[in-house]
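A.B. asks: I have a structure I would like to understand better, so I am pasting it below and will then ask my questions one at a time.
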Amino acid sequence: MEINIVFIVILIVILSAGFVSAGDIVHQDNVAPKRPGCANNFVLVKVPIWIDGLENTEYVGVGARFGPTMESKEKLANHTRLALADPPDCCSKPRNQLTGEVILVHRGNCSFTVKANVAEEAGASAILIINNQTELFKMVCESDADVNIKIPAVMLPQDAGSNLENHINNNTRVSVAFYSPKRPAVDIAEVFLWLMAVGTILLASYWSAWTAKEVAIEQDKLLKDASEEFLQVGSAGSSGFVDINTMSAVLFVVFASCFLVMLYKLMSFWFVEVLVVLFCIGGVEGLQMCLVALLSSFSWFQRFAESFIKVPFFGAVSHLTLAVCPFCIAFAVVWAVYRRISFAWIRQDILGIALIITVLQIVRVPNLKVGTVLLGCAFLYDIFWVFASKWLFHESVMIVVARGDRSGEDGIPMLLKIPRMFDPWGGYSVIGFGDIILPGLLVAFSLRYDWLANMNLRAGYFVWAMTAYGLGLLVTYVALNLMDGHGQPALLYIVPFTLGTFITLGKKRGDLKTLWTQGEPERPCPHLQLQPLQQKD
């Protein structure tokens, strides 16, 4: 099982979009030029529809660079009748005189500013443009355009515009309103997501430290008895763990970047299905390992945990593992089949948390040097693929992959997600696995060191590392809200907090050399008693 988990770990960390997000409602664009009268941000706009006075549905469009800014409150938005343009593209003066109606026009061949100026001169109160594609398009201004436009302009996707046009052609009265509600400063989903991330690292760190301490106690007993079986037992006790070295930490950036680009280029429905299968495999193993460890702590299940049976291809497997395995498989399969329903995020988060805890139990950083290299590389990786990749690919590769764009899916599964509860735009707040696993390796290392050094919480490093992670993630969410929901590279904020706190505290206490190279406190007996055993070998 360890080999499978390590494979999943590498894959998950590479795939885990290292960013937090709440979904963009304001789209900045440095390519489209800004100038007086043409300086609006591209904002998403809600367009509620009334048919013969009855509320029917609501579409989402995008506002233009020009015109007045959108009203943010629905109750203040004007409820106005919709009329068809004649000619349909509104590139020339309409044949029908308007008296304050919203005019519905086709994309046509002329510019957006020309349409808006013609509609305003004809007496329209707003212009609603039907795009010639199912996607939305940013409405910009030409360099020589007249941008003294006093009416709002909104674009709708092709299917939504066609539905409105059909209603009007059927002699029904259609009315619309425009407004672009702002997100609340803080959504409770972000609070729960913060608690989930911090709690996951907390549980994983205690499990990792407890295991390391048990192994150390067993080794000390054998050394005290001068037992020659020490090497065998020590090797067996450590076989379930994978220590990261400096080279693998550096290569992480190279392989992760290559794999991320491959995901970006191959992103499609079938490729997301492959990711779902891989996530289910990792989730099943993680959930199984966590449940077995939890149940084994109860005396009722210890007998089943300590009795084994040989299984083809897997070797000796405990009866408890066999009993738990079908439940874990069924749990993951149900999520995979029904992952598009509204409450599927609960199962996804359970599988994800179990996987993260298992990863942090098995994969370890042996010292602060390796942790610094790993987090430093991840820091640069996160920033480049969230921000700098826009220069090469004209969009953020990390965000596109995480959202599952061009795949027809609501994002890749390697995320913890919670629906935004008080957000008028809905959507999810998400955090990538890498933003928990990578700093979690350092936090877990801090608690292992504290326990092996017999430090209490006050004198140790764990409380400081845990607090630094929590503050770093909190600052990430502050930045997320200040940026109107734009995805943020969480490691940009988390790494300086956790790594900076750890190194500064270690230097101040005089432990930095030990933390940097050895990764565990000095133990006087092992070095003296291991030498004769090594000479005998």
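Using the three backbone atoms N, Cα and C, a Cβ is placed for every residue, glycine included.
Look at TrEMBL and you will find 87-164 tagged as domain 'PA'. The signal peptide annotation in TrEMBL covers 1-22. Summarising the annotation, TrEMBL assigns transmembrane segment to 191-209, 244-264, 270-301, 313-338, 370-388, 425-447, 459-480, 486-505.
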A.B. asks: Counting by DSSP secondary structure, give me helix, strand and coil numbers for the domain 'PA' (87-164).
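C.D. replies: Within the domain 'PA' (87-164) the tally stands at 17 helix, 14 strand, 47 coil.
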A.B. asks: Mind checking which residues reach the transmembrane segment (486-505)? Cβ under 8 Å, same chain, six or more beyond either end.
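C.D. replies: For the transmembrane segment (486-505), the list is 18-21, 24, 26, 28, 368, 371-372, 375-376, 378-379, 381-383, 385-387, 396, 398-399, 402, 431-432, 434-435, 438-439, 442-443, 446, 461, 464-465, 467-469, 471-473, 475-476, 479-480, 512, 515.
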A.B. asks: Considering only the recorded stretches 244-264, 313-338, 370-388, 425-447, 459-480, state which has the highest number of Cβ pairs under 8 Å to the transmembrane segment (270-301).
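C.D. replies: Of the candidates 244-264, 313-338, 370-388, 425-447, 459-480, 313-338 scores highest.
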A.B. asks: How about long-range neighbours of the transmembrane segment (370-388): same chain, 6 or more residues beyond its ends, C-beta under 8 Å?
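C.D. replies: Sequence-distant neighbours of the transmembrane segment (370-388): 18-19, 243-246, 249-250, 252-253, 256-257, 260, 396-399, 434, 438-439, 441-442, 445, 487-492, 495-496, 498-499, 502-503.
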A.B. asks: Mean pLDDT over the domain 'PA' (87-164): what is the value?
C.D. replies: 89
